[in-house]
Amino acid sequence: MRWFLRMLRFGAAFILLSLGHYFAARFLPVADCDETFNFVEPMHQLLYGSGLQTWENCPRYALRSWLFAWIYASPALLVIGAPRLRNVDVYFFNRIFYGRLACLSELFLVYSVWEAVSGRAAAVTLLLLLFNYPVPHAAVSALPTSFVMINYFMALGCWLRSGRRNVRHTSTPARQSQLQQTETNYFSVFGAVFFVVFACAVVWPFAGFAVLPVALDLLMRHPKASILSLLVSLALILPLAVGFDALYYCRLTWSAWNLVRYNLKGGAELYGVEPWYYFVKNLLVNAPALFLAGALAPFVLFLSPALDMGQRNNRKHKEGRGVHADTSTVLQKHAAQSSFPSFCSLTSAKALVVSVSTALSSSTAASSSLSRSRMLLWVSPFFVWFTFWLTVAHKEERFMAPVYPFLVLAAALSLTCVFFSPRSALNTRTGTKTTPKRHAQVCVTPSRKTWLLPAAGCILLLLSGLLSFSRGLAVYHFYAGPQRLMYDNYDVLQHAAEYKRVANANAGNATTLHDLYTVCVGREWYRFPSSFFLDPQRARVAFLKTDAFAGALPLPFTRHGGHATCNCGASGVNDLNEEIAEQYVSDAAVECDVILDSHSADDLRELKDYPPDVFAYPLGTTQQRLLDVARTSMWCRVLYYPFGISERCAVWRRVELLSKHRPTAVAAS
């Protein structure tokens, strides 16, 4: 029966997490154009033989892992041959699939917190995962930082389990003491090491800096198991990573090492620098309650009594079967056994005093200090990582995703200590711990005000959830316009592409790259969702020269070539973020069939990157809106406000597809 209840709890938690991750996968737009061009486009190349190639995927530089591309593309192989399944549906299937995978890793952390800390801390951890927008949004993204985050959820869970204590009772009935000894859980040690190596060796080696406390702790406590786990993990992962890179770059190389060498030269600063407080501001915007609770965790843990550790490992111990029964458990049992707690007998009072004294004497200051230091060690990777990025000039929002697991744990421990600790649930009427006098009738009953702290904690979590929901709605409402437009008009674009193909075939023209139906993007190039939103056999994306941007843009892979990934798109491809002529169409009126662009309703004199008299026909039946960030105040765009407030305070741009052919001609095909 117990296993059934456990599975029931697991299923309920998984469903709740899955709902949040599903909405993130299905509705939230791509958070970073790096995801689209550096990682999603190579996936499209692997699956459909076409896509865009950035300089980072050029064999000359080889900064991105093809093993990572296959890891994220491989779930699509399960459905790619299904009838009536469009490639845009395959894209969303992949996002939903990895959202489900992230749910499992998050649940593993929740249950590990349950094993290592307490059920209360595990419940708070689950609520924080449910009520904070950045975690599900990162979980469904095809980014190295997201891959690291999923692996670190698993690694942190294994780390928490690696120090479990087993209670062994002595076989002699006369002896009432218990001996505790730490057993090395080799599977947990191997899991912690493996998932760290998997994340760092495949996609993002810098993430290893965050888990230095994990490495030092495991080396000190389990040196042989840690070193053996490291060697086995490297032997399993490194050949695969190097092998895939060698296969697709057509030379012996390792992308993770190339990435380290490039960043040591300071090349990342070419793509923007941010002030030192960037991540403070970013986390306060995206997850204010989570960040504040996590940031205060060291102070809370240092000033608060140590949490009751190992609740599930020492279940017999906590149920009072040993002399080390938890004080709160004794008080609860005593209150439950008394029908009228306001009239306590002298005998029961004496029994209570003896029980409390025994419990307190068993909890020495050393053990409390050890528990507190252990929890501080568990949350230290977040502060190591956060401090590191204060000193780095180039910052991006996604760089904080690898330590979300540690931030969630820090916030959970902090909130549990303040609001949901057992020591705050049973106090005397004065709220202070008193020592009962000899021969005095003491009645220890729950205070009428003991519900205030848990209630305040629940209200705080609820407000955190509302803020997170509002932030997610703001991201969807303000920035998902281009993605929604491309998705809604997928069939329209497909029919237009087929119309052009038939026209070229009837004219007897040989099929070339320029004969494909070409969707051109200009100022909104970084919001283009990906080639998954176009028919892979009939359409392509190209870029317009625009005054709004002057830097490197991706070039198309060789279409359907056996060695398409072994070549750079052009000889001028560089790592200096310098534009080259080949990345643009030479004549928009000739090469482009439709333009994806945004227009300001307030500035009719805004210059366009294409001849507006040629592209004068809106394609499709829907138009979408996009927030004009430059003209909208920060307080308006950070959150979504109900009752039409966001609609009135936001300044909008109209996003549409403009064709050079009349829609009636396309419809006639």
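In case you wondered, yes, glycine gets a Cβ from its N, Cα and C as well.
Computed from a predicted structure; not experimentally measured.
Sequence annotations record features per position, and here TrEMBL assigns transmembrane segment to 66-85 (among others).
Packing against the transmembrane segment (97-117) from elsewhere in the chain are residues 10, 13-14, 17-18, 21-22, 24-25, 72, 75, 125-126, 129, 135-136, 139-140, 142, 146, 149-151, 153-154, 156-158, 160-161, 163-164, 307, 309-313, 375, 405, 408-409, 412-413, 416: each is 6 or more residues past its ends and has a CB under 8 Å from a CB in it. What TrEMBL lists as transmembrane segment is 97-117 (among others).
The feature transmembrane segment is assigned by TrEMBL to 137-160 (among others).
According to TrEMBL, the feature transmembrane segment maps to 185-207 (among others). Sequence-distant neighbours of the transmembrane segment (185-207) (same chain, 6+ residues past either end, Cβ-Cβ under 8 Å): 65, 67-68, 71, 144-145, 147-148, 151-152, 154-159, 161-162, 164, 214-215, 218, 222, 225-226, 229-230, 232-234, 236-238, 241, 256-257, 259-260, 263, 402.
Taken from TrEMBL, the feature transmembrane segment applies to 227-250 (among others).
Residues or ranges marked as transmembrane segment by TrEMBL: 262-279 (among others).
Annotation comment: TrEMBL describes 285-307 (among others) as transmembrane segment. Counting same-chain residues at least six beyond the ends of the transmembrane segment (285-307), those with a Cβ under 8 angstroms from any Cβ of the stretch are 117-118, 121, 128, 132-134, 367-372, 375-376, 379, 382-383, 397, 407-408, 410-411, 413-418, 421, 423, 460-461, 463-464, 467-468, 471, 638.
Residues or ranges marked as transmembrane segment by TrEMBL: 375-393 (among others). Sequence-distant contacts of the transmembrane segment (375-393) (same chain, six or more residues past either end, CB-CB distance under 8 Å): 117, 156, 159-160, 209-214, 217, 269, 273-274, 276, 279, 294, 297-298, 301-302, 306-307, 399-400, 402-403, 406-407, 409-410, 413.
Long-range Cβ contacts of the transmembrane segment (399-420) within its own chain (Cβ-Cβ under 8 Å, at least 6 residues beyond either end) map to 109, 113, 117-118, 120-125, 128-129, 132, 134-135, 138, 143, 145-146, 148-149, 152-153, 155-156, 199, 204, 207, 210, 279, 282-283, 289-291, 293-297, 300-301, 304, 307, 375, 378-382, 385-386, 389, 453-454, 456-458, 460-461. Under the heading transmembrane segment, TrEMBL lists 399-420 (among others).
The transmembrane segment annotation in TrEMBL covers 451-479 (among others). When Cβ-Cβ distances below 8 Å are used as the criterion, the transmembrane segment (451-479) is approached by residues 23-24, 27-29, 31, 124, 127-128, 130-133, 137, 285-290, 415, 418-420, 424-425, 527, 626-627, 637-641, 646, 650 of the same chain, each at least six residues removed from its ends.
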